[in-house]
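Worksheet: one structure, shown below.
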Amino acid sequence: MDLSRIPAQPKPGVINILIEIAGGSQNKYEFDKDLEAFALDRVLYSSVKYPYDYGFVPNTLADDGDPLDGMVIIDEPTFPGCVIAARPIGFLEMIDGGDRDEKILAVPDKDPRYAHVKSLNDVAPHRLDEIAEFFRSYKNLEKKVTQILGWQDVDQVKALVDQSIKAYK
């Protein structure tokens with residue numbers, strides 16, 4: 001899979017998220033650049049499952065040295081390798097293993113059920129709490145420490161995406 005052909009931002013206000021892990025999975029897949037394929041990194045040590053599809057924004061570089069992470073609120077899980085054109089609505093700031101690690105939260109741009117969702121204010125607070133709790137707890141049994149710093153709304157996303165695209169280039 002040639003990731004260079006997948007633009008980070010196909011149009012203003014929309015990003016591409018390459019799915020690595022389908023919602024509901026305990027398997028943690030990662031895209032292996034050398035193999036150009038998805039490989040099983042590990043099975044989560046705890047009983048938690050990814051609440052929604054999870055992946056990364058191609059052709060970006062975040063502060064942790066990896067592409068910018070993203071989670072897509074979607075009703076039907078997709079599959080590893082699926083590219084979702086998504087509208088970012090905010091991001092979760094956290095520290096993972098001592099490094100800053102932002103997780104963009106987005107909705108599918110082509111799903112009419114989410115046409116009204118423009119910011120974190122359009123998502124039930126309990127849903128945001130569940131997502132934050134997933135990231136807080138899923139590494140506990142691996143003895144890895146994460147710290148949740150909080151949610152940033154949609155007005156902060158553009159700067160994060162632009163910075164990550166610039167860092168990649």
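Every residue, even glycine, has its Cβ placed from backbone N, Cα and C.
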- Message: Quick check: of Asp32, Asp101, Asp109, Asp111, which does Swiss-Prot put in the same Mg(2+) 1 site as Asp64, Asp69?
- Response: Asp101
- Message: Starting from the substrate binding annotation in Swiss-Prot that includes Lys28, Tyr54, Tyr138, which of Arg42, Arg127 is the extra site residue?
- Response: Arg42
- Quick note, Tyr138 (substrate binding site): same-chain residues at least 6 apart with CB under 8 Å of its CB -> Leu44, Ser46, Val48
- Note on the structure: Same-chain, non-site residues whose Cβ lies within 8 A of the Lys28, Arg42, Tyr54, Tyr138 Cβ center for substrate are Ile21, Gln26, Asn27, Asp41, Leu44, Tyr50
- Item | Whole-number Å value for how far Asp69 (Mg(2+) 1 binding site) lies from Arg42 (substrate binding site) (Cα to Cα) | 17
